[in-house]
Amino acid sequence: MNNTIKLAVHGAAGRMGQRVVALASGADTVDDTSGFTVVGAIDHSSHPKIGQDAGVVAGVRSLDVPVSADWPEKAEVVIDFSLPEAFDACVARCVSAACPLVVATTGLSDQQKESLAEAAQTIPIVWAPSMSLAVNLSMRMAQQITKALRDVAGGVDIEILERHHRFKADAPSGTALKFGELIADAMNADDPVKHVHGREGHTGQRSRNEIGYHAIRVGDNPGEHTIVFGMLGEKIELNVAASNRDCYASGALAAAKWLMRGNDGGPMPAGLYNMFDVLGMADADA
Ligand SMILES: NC(=O)c1ccc[n+]([C@@H]2O[C@H](COP(=O)([O-])OP(=O)(O)OC[C@H]3O[C@@H](n4cnc5c(N)ncnc54)[C@H](O)[C@@H]3O)[C@@H](O)[C@H]2O)c1
Ligand SMILES: O=C(O)C1=N[C@H](C(=O)O)CCC1
(Lines of atoms letter the chains of each structure in order from A; the text may use other names.)
(Lines give C-alpha, C1' and ligand atoms only; values in the text may rest on other atoms or scores of the structure.)
(Ligands and ions follow the chains in the order given, each with its own letter.)
Protein backbone atom coordinates (compact mmCIF):
# COMPACT_ATOMS: atom_id res chain seq x y z
CA MET A 1 0.00 0.00 0.00
CA ASN A 2 1.30 3.45 -0.89
CA ASN A 3 1.11 5.54 2.27
CA THR A 4 3.25 8.41 1.05
CA ILE A 5 1.98 11.93 1.69
CA LYS A 6 0.19 13.48 -1.31
CA LEU A 7 1.86 16.83 -1.86
CA ALA A 8 0.93 19.85 -3.97
CA VAL A 9 3.59 22.50 -4.62
CA HIS A 10 2.42 26.08 -5.17
CA GLY A 11 4.90 28.04 -7.27
CA ALA A 12 6.15 24.70 -8.67
CA ALA A 13 7.97 26.11 -11.70
CA GLY A 14 9.95 28.65 -9.67
CA ARG A 15 13.49 28.32 -8.34
CA MET A 16 12.34 26.89 -5.01
CA GLY A 17 9.28 25.03 -6.30
CA GLN A 18 11.50 23.02 -8.64
CA ARG A 19 13.80 21.94 -5.79
CA VAL A 20 10.82 20.91 -3.66
CA VAL A 21 9.43 18.84 -6.54
CA ALA A 22 12.89 17.31 -7.12
CA LEU A 23 13.48 16.32 -3.48
CA ALA A 24 9.88 15.18 -2.95
CA SER A 25 10.20 12.88 -5.94
CA GLY A 26 13.16 11.16 -4.30
CA ALA A 27 15.86 12.70 -6.44
CA ASP A 28 18.32 12.94 -3.58
CA THR A 29 17.44 9.96 -1.44
CA VAL A 30 19.35 6.68 -1.51
CA ASP A 31 16.24 4.52 -1.99
CA ASP A 32 14.23 6.93 -4.15
CA THR A 33 11.54 7.37 -1.49
CA SER A 34 11.11 10.74 0.14
CA GLY A 35 7.84 9.80 1.83
CA PHE A 36 5.92 12.05 -0.59
CA THR A 37 4.08 11.67 -3.86
CA VAL A 38 3.81 14.89 -5.85
CA VAL A 39 0.16 15.11 -6.96
CA GLY A 40 -0.01 18.79 -7.87
CA ALA A 41 2.38 21.36 -9.35
CA ILE A 42 0.61 24.71 -9.41
CA ASP A 43 1.89 27.83 -11.09
CA HIS A 44 0.53 30.95 -12.77
CA SER A 45 -1.49 30.33 -15.95
CA SER A 46 0.92 32.53 -17.91
CA HIS A 47 4.04 30.61 -16.89
CA PRO A 48 5.84 29.24 -19.99
CA LYS A 49 6.19 25.78 -18.37
CA ILE A 50 2.42 25.29 -17.96
CA GLY A 51 1.46 21.87 -19.34
CA GLN A 52 4.99 20.44 -19.06
CA ASP A 53 5.77 17.59 -16.68
CA ALA A 54 6.72 19.03 -13.26
CA GLY A 55 9.45 16.41 -12.69
CA VAL A 56 11.03 17.17 -16.04
CA VAL A 57 10.82 20.91 -15.37
CA ALA A 58 12.59 20.25 -12.04
CA GLY A 59 15.31 18.34 -13.91
CA VAL A 60 14.60 14.91 -12.40
CA ARG A 61 12.22 12.44 -14.13
CA SER A 62 8.70 12.34 -15.49
CA LEU A 63 6.14 12.34 -12.68
CA ASP A 64 3.01 12.37 -14.84
CA VAL A 65 2.04 15.61 -13.10
CA PRO A 66 1.81 18.67 -15.35
CA VAL A 67 2.61 22.16 -14.16
CA SER A 68 -0.90 23.60 -14.04
CA ALA A 69 -2.88 26.60 -12.86
CA ASP A 70 -5.53 24.17 -11.54
CA TRP A 71 -5.47 22.76 -8.04
CA PRO A 72 -5.45 18.96 -7.66
CA GLU A 73 -8.36 17.38 -5.77
CA LYS A 74 -6.33 14.86 -3.84
CA ALA A 75 -3.53 16.86 -2.16
CA GLU A 76 -3.09 16.17 1.56
CA VAL A 77 -0.65 19.03 2.16
CA VAL A 78 0.51 22.11 0.23
CA ILE A 79 3.95 23.78 0.19
CA ASP A 80 3.90 27.39 -1.03
CA PHE A 81 7.00 29.07 -2.47
CA SER A 82 5.41 31.71 -4.68
CA LEU A 83 4.84 35.46 -4.51
CA PRO A 84 2.75 37.69 -2.23
CA GLU A 85 0.40 38.32 -5.19
CA ALA A 86 -0.35 34.59 -5.34
CA PHE A 87 -0.65 34.07 -1.62
CA ASP A 88 -4.32 35.01 -0.92
CA ALA A 89 -5.75 32.50 -3.39
CA CYS A 90 -3.45 29.78 -2.05
CA VAL A 91 -4.58 30.30 1.55
CA ALA A 92 -8.26 30.50 0.53
CA ARG A 93 -7.93 27.25 -1.42
CA CYS A 94 -6.27 25.43 1.50
CA VAL A 95 -8.92 26.64 3.94
CA SER A 96 -11.79 25.56 1.67
CA ALA A 97 -10.16 22.14 1.11
CA ALA A 98 -9.21 21.80 4.83
CA CYS A 99 -5.66 21.15 3.65
CA PRO A 100 -2.57 21.75 5.87
CA LEU A 101 -0.19 24.37 4.46
CA VAL A 102 3.51 25.26 4.65
CA VAL A 103 4.05 28.95 3.80
CA ALA A 104 7.60 29.88 2.77
CA THR A 105 6.80 32.94 0.65
CA THR A 106 8.27 36.17 2.04
CA GLY A 107 7.32 39.83 1.61
CA LEU A 108 3.75 39.33 2.88
CA SER A 109 1.80 42.45 3.87
CA ASP A 110 0.51 42.98 7.41
CA GLN A 111 -2.98 42.23 6.14
CA GLN A 112 -1.80 38.94 4.64
CA LYS A 113 -0.16 38.02 7.95
CA GLU A 114 -3.49 38.66 9.67
CA SER A 115 -5.35 36.48 7.19
CA LEU A 116 -2.77 33.75 7.79
CA ALA A 117 -3.49 33.85 11.52
CA GLU A 118 -7.21 33.69 10.77
CA ALA A 119 -6.77 30.72 8.41
CA ALA A 120 -4.75 28.96 11.12
CA GLN A 121 -7.88 28.84 13.25
CA THR A 122 -9.23 26.22 10.85
CA ILE A 123 -6.17 24.51 9.32
CA PRO A 124 -2.63 23.78 10.59
CA ILE A 125 -0.04 26.08 9.01
CA VAL A 126 3.75 26.26 9.30
CA TRP A 127 4.94 29.74 8.38
CA ALA A 128 8.62 30.69 8.41
CA PRO A 129 10.78 33.04 6.35
CA SER A 130 13.55 30.44 6.40
CA MET A 131 13.03 26.69 6.39
CA SER A 132 16.77 26.13 6.89
CA LEU A 133 17.97 24.26 9.99
CA ALA A 134 21.18 26.32 10.14
CA VAL A 135 19.27 29.62 9.95
CA ASN A 136 16.82 28.65 12.67
CA LEU A 137 19.66 27.50 14.94
CA SER A 138 21.45 30.79 14.24
CA MET A 139 18.33 32.71 15.24
CA ARG A 140 18.42 31.02 18.64
CA MET A 141 22.15 31.80 18.92
CA ALA A 142 21.55 35.45 17.99
CA GLN A 143 18.99 35.72 20.77
CA GLN A 144 21.46 34.25 23.27
CA ILE A 145 24.31 36.52 22.19
CA THR A 146 22.01 39.54 22.43
CA LYS A 147 20.99 38.63 25.97
CA ALA A 148 24.60 38.05 27.00
CA LEU A 149 25.75 41.41 25.60
CA ARG A 150 22.79 43.74 26.07
CA ASP A 151 24.13 45.25 29.31
CA VAL A 152 27.82 45.19 28.38
CA ALA A 153 29.83 48.27 29.39
CA GLY A 154 30.06 50.60 26.38
CA GLY A 155 27.09 48.97 24.66
CA VAL A 156 26.68 46.68 21.68
CA ASP A 157 25.59 47.71 18.17
CA ILE A 158 23.68 45.07 16.26
CA GLU A 159 23.49 45.19 12.45
CA ILE A 160 22.07 42.61 10.05
CA LEU A 161 23.65 42.12 6.62
CA GLU A 162 21.91 39.91 4.12
CA ARG A 163 23.05 38.80 0.65
CA HIS A 164 20.80 37.23 -1.94
CA HIS A 165 20.70 36.60 -5.68
CA ARG A 166 19.92 39.44 -8.08
CA PHE A 167 16.44 38.03 -8.87
CA LYS A 168 15.06 38.40 -5.35
CA ALA A 169 12.03 40.68 -5.32
CA ASP A 170 11.71 41.65 -1.63
CA ALA A 171 14.17 43.47 0.64
CA PRO A 172 15.27 43.09 3.29
CA SER A 173 14.81 39.34 3.33
CA GLY A 174 12.07 37.84 5.46
CA THR A 175 14.84 36.07 7.37
CA ALA A 176 16.64 39.34 8.17
CA LEU A 177 13.38 40.82 9.45
CA LYS A 178 12.80 37.75 11.62
CA PHE A 179 16.35 37.95 13.02
CA GLY A 180 15.61 41.61 13.82
CA GLU A 181 12.30 40.81 15.52
CA LEU A 182 13.86 38.10 17.71
CA ILE A 183 16.90 40.24 18.56
CA ALA A 184 14.68 43.24 19.41
CA ASP A 185 12.75 41.04 21.86
CA ALA A 186 16.00 39.81 23.40
CA MET A 187 17.32 43.40 23.77
CA ASN A 188 14.51 44.00 26.25
CA ALA A 189 15.11 47.75 25.87
CA ASP A 190 13.21 50.42 27.82
CA ASP A 191 12.54 52.40 24.64
CA PRO A 192 11.09 50.83 21.47
CA VAL A 193 13.83 49.42 19.23
CA LYS A 194 14.27 51.36 15.95
CA HIS A 195 14.65 49.30 12.79
CA VAL A 196 16.93 51.31 10.46
CA HIS A 197 17.13 50.27 6.80
CA GLY A 198 20.46 51.39 5.29
CA ARG A 199 22.18 54.71 6.03
CA GLU A 200 23.01 57.66 3.82
CA GLY A 201 24.03 61.27 4.27
CA HIS A 202 24.61 63.09 7.54
CA THR A 203 22.89 60.55 9.76
CA GLY A 204 24.53 61.60 13.02
CA GLN A 205 25.80 59.13 15.57
CA ARG A 206 24.23 55.74 15.81
CA SER A 207 21.71 55.48 18.64
CA ARG A 208 21.99 52.61 21.11
CA ASN A 209 18.55 51.09 20.66
CA GLU A 210 18.55 50.50 16.93
CA ILE A 211 19.04 47.53 14.65
CA GLY A 212 20.49 48.25 11.19
CA TYR A 213 19.58 46.25 8.07
CA HIS A 214 21.63 46.12 4.85
CA ALA A 215 20.37 44.19 1.83
CA ILE A 216 22.97 43.17 -0.76
CA ARG A 217 21.90 41.71 -4.12
CA VAL A 218 24.67 39.83 -5.92
CA GLY A 219 24.77 37.17 -8.62
CA ASP A 220 23.24 33.81 -7.73
CA ASN A 221 23.74 33.87 -3.94
CA PRO A 222 21.09 31.48 -2.49
CA GLY A 223 21.02 33.32 0.85
CA GLU A 224 23.47 34.53 3.47
CA HIS A 225 22.95 36.42 6.73
CA THR A 226 25.58 38.02 8.96
CA ILE A 227 24.64 39.44 12.33
CA VAL A 228 27.30 41.84 13.59
CA PHE A 229 27.52 42.47 17.33
CA GLY A 230 29.92 45.41 17.53
CA MET A 231 31.36 46.55 20.86
CA LEU A 232 34.15 48.95 21.78
CA GLY A 233 37.34 46.97 21.20
CA GLU A 234 35.87 43.72 19.84
CA LYS A 235 33.07 42.23 17.79
CA ILE A 236 31.23 38.99 17.09
CA GLU A 237 29.93 38.10 13.62
CA LEU A 238 27.40 35.31 13.31
CA ASN A 239 27.35 34.15 9.69
CA VAL A 240 24.98 31.61 8.17
CA ALA A 241 25.05 30.89 4.45
CA ALA A 242 23.32 28.48 2.11
CA SER A 243 25.45 26.70 -0.50
CA ASN A 244 22.33 25.92 -2.52
CA ARG A 245 18.52 25.96 -2.13
CA ASP A 246 18.09 22.42 -0.85
CA CYS A 247 18.34 23.47 2.80
CA TYR A 248 15.07 25.41 2.29
CA ALA A 249 13.39 22.70 0.20
CA SER A 250 14.23 19.88 2.62
CA GLY A 251 13.15 22.07 5.56
CA ALA A 252 9.80 22.71 3.88
CA LEU A 253 9.33 18.98 3.29
CA ALA A 254 10.18 18.30 6.96
CA ALA A 255 7.56 20.89 7.92
CA ALA A 256 4.94 19.26 5.66
CA LYS A 257 5.72 15.84 7.15
CA TRP A 258 5.46 17.28 10.67
CA LEU A 259 2.04 18.77 9.88
CA MET A 260 0.84 15.35 8.70
CA ARG A 261 2.53 13.14 11.28
CA GLY A 262 3.23 15.47 14.22
CA ASN A 263 5.60 14.39 16.97
CA ASP A 264 3.75 11.20 17.83
CA GLY A 265 2.50 10.01 14.44
CA GLY A 266 -0.79 11.93 14.36
CA PRO A 267 -1.66 15.04 12.33
CA MET A 268 -1.19 18.46 13.92
CA PRO A 269 -4.35 20.34 14.93
CA ALA A 270 -5.24 23.74 13.43
CA GLY A 271 -2.79 26.43 14.53
CA LEU A 272 -0.01 28.71 13.36
CA TYR A 273 3.37 27.03 13.77
CA ASN A 274 6.94 27.93 12.82
CA MET A 275 10.20 26.11 12.16
CA PHE A 276 11.16 26.24 15.84
CA ASP A 277 8.10 24.03 16.43
CA VAL A 278 9.05 21.67 13.59
CA LEU A 279 12.68 21.42 14.76
CA GLY A 280 11.79 20.95 18.43
CA MET A 281 13.34 24.30 19.40
CA ALA A 282 10.17 26.09 20.50
CA ASP A 283 11.03 25.81 24.19
CA ALA A 284 14.74 26.45 23.78
CA ASP A 285 16.07 28.82 26.42
CA ALA A 286 16.37 31.72 24.00
N1 LIG B 1 11.08 30.33 3.63
C2 LIG B 1 12.18 29.95 2.98
O3 LIG B 1 12.99 29.12 3.45
C4 LIG B 1 12.45 30.52 1.63
C5 LIG B 1 13.56 30.10 0.89
C6 LIG B 1 13.72 30.56 -0.41
C7 LIG B 1 12.79 31.43 -0.94
N8 LIG B 1 11.75 31.84 -0.18
C9 LIG B 1 10.71 32.70 -0.72
O10 LIG B 1 9.93 31.91 -1.60
C11 LIG B 1 9.39 32.74 -2.62
C12 LIG B 1 9.72 32.14 -3.98
O13 LIG B 1 11.10 32.20 -4.21
P14 LIG B 1 11.70 31.71 -5.61
O15 LIG B 1 13.14 32.10 -5.61
O16 LIG B 1 11.33 30.29 -5.87
O17 LIG B 1 10.91 32.67 -6.62
P18 LIG B 1 10.51 32.40 -8.14
O19 LIG B 1 10.13 33.73 -8.68
O20 LIG B 1 11.57 31.62 -8.83
O21 LIG B 1 9.22 31.47 -8.03
C22 LIG B 1 7.93 31.93 -7.74
C23 LIG B 1 6.96 31.10 -8.56
O24 LIG B 1 5.63 31.46 -8.19
C25 LIG B 1 4.90 31.49 -9.38
N26 LIG B 1 3.64 32.23 -9.29
C27 LIG B 1 3.41 33.54 -9.51
N28 LIG B 1 2.10 33.82 -9.43
C29 LIG B 1 1.48 32.65 -9.15
C30 LIG B 1 0.13 32.28 -8.95
N31 LIG B 1 -0.86 33.19 -9.01
N32 LIG B 1 -0.15 30.99 -8.67
C33 LIG B 1 0.83 30.06 -8.61
N34 LIG B 1 2.14 30.35 -8.80
C35 LIG B 1 2.46 31.63 -9.06
C36 LIG B 1 5.85 32.11 -10.39
O37 LIG B 1 5.40 31.91 -11.73
C38 LIG B 1 7.12 31.37 -10.06
O39 LIG B 1 7.22 30.16 -10.78
C40 LIG B 1 9.97 34.13 -2.38
O41 LIG B 1 9.04 34.87 -1.61
C42 LIG B 1 11.21 33.86 -1.55
O43 LIG B 1 11.59 34.94 -0.75
C44 LIG B 1 11.57 31.41 1.08
O1 LIG C 1 15.88 33.31 -2.44
C2 LIG C 1 15.12 33.92 -1.66
O3 LIG C 1 14.30 34.76 -2.06
C4 LIG C 1 15.17 33.63 -0.22
N5 LIG C 1 14.31 34.24 0.56
C6 LIG C 1 14.13 33.99 1.94
C7 LIG C 1 14.00 35.28 2.73
O8 LIG C 1 13.53 36.30 2.18
O9 LIG C 1 14.35 35.29 3.91
C10 LIG C 1 15.03 32.98 2.56
C11 LIG C 1 16.30 32.73 1.81
C12 LIG C 1 16.15 32.65 0.30
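Note: Cβ is positioned from N, Cα and C throughout, glycine not excepted.
Here's what TrEMBL has on this protein:
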type	residues	note
DOMAIN	5-131	domain 'Dihydrodipicolinate reductase N-terminal'
BINDING	GLY11, ALA12, ALA13, GLY14, ARG15, MET16, ASP43, ALA104, THR105, THR106, ALA128, PRO129, SER130, MET131	NAD(+) binding site
DOMAIN	135-279	domain 'Dihydrodipicolinate reductase C-terminal'
ACT_SITE	HIS164	active site, proton donor/acceptor
BINDING	HIS165, GLY174, THR175	(S)-2,3,4,5-tetrahydrodipicolinate binding site
ACT_SITE	LYS168	active site, proton donor
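Structure with TrEMBL features highlighted.
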residue: GLY11; record: NAD(+) binding site; DSSP class: coil
residue: ASP43; record: NAD(+) binding site; DSSP class: coil
residue: THR105; record: NAD(+) binding site; DSSP class: coil
residue: ALA128; record: NAD(+) binding site; DSSP class: coil
residue: HIS164; record: active site, proton donor/acceptor; DSSP class: strand
residue: GLY174; record: (S)-2,3,4,5-tetrahydrodipicolinate binding site; DSSP class: helix
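In the vicinity of ligand 2, defined as a Cβ distance under 6 Å, the following of the binding-site residues ASP43, THR105, ALA128, THR175 are placed: THR175. A simple Cβ count within 10 Å picks out one of the recorded positions HIS164, HIS165, LYS168 as the most packed, and that one is HIS164. Checking the binding-site residues SER130, HIS165, THR175 for a CB within less than 6 Å of any atom of ligand 1 leaves SER130, listed in sequence order.
When the recorded positions HIS164, HIS165, LYS168 are screened for a Cα within 10 A of the Cα of SER130 (NAD(+) binding site), none qualifies. Taking the mean position of the Cβ atoms of HIS165, GLY174, THR175 as the (S)-2,3,4,5-tetrahydrodipicolinate site, the remaining same-chain residues with a Cβ inside 8 Å of that point are THR106, PRO129, SER130, GLU162, HIS164, LYS168, ASP170, SER173, ALA176, GLY223.
Separating the Cα atoms of LYS168 (active site, proton donor) and ARG15 (NAD(+) binding site) is a whole-number distance of 11 Å. With respect to THR175 ((S)-2,3,4,5-tetrahydrodipicolinate binding site), the closest of these recorded positions in Cα terms is ALA128, chosen from GLY11, ARG15, ALA128, HIS164. Closest by Cα distance to ALA13 (NAD(+) binding site), from the recorded positions HIS164, HIS165, GLY174, is HIS165.
By neighbour count, meaning other C-beta atoms within 10 Å, the densest spot among the binding-site residues GLY11, GLY174 is GLY11. In sequence order, VAL103, ALA104, ASN136, LYS178, GLY251, ALA255, ASN274, MET275 make up the list of same-chain residues 6 or more apart from ALA128 (NAD(+) binding site) whose Cβ falls under 8 Å from its Cβ. In space, ARG15 is the closest of the binding-site residues GLY11, ARG15, ASP43, THR105 to HIS165 ((S)-2,3,4,5-tetrahydrodipicolinate binding site), judged by Cα positions. Between the CA atoms of ARG15 (NAD(+) binding site) and the residue listed as 'active site, proton donor/acceptor' there is a gap of 13 Å, rounded to the nearest whole number. Here the domain 'Dihydrodipicolinate reductase C-terminal' (135-279) is broken down by DSSP into helix, strand and coil counts: 49 helix, 37 strand, 59 coil.
Mean model confidence for the domain 'Dihydrodipicolinate reductase N-terminal' (5-131) is a pLDDT of 96.
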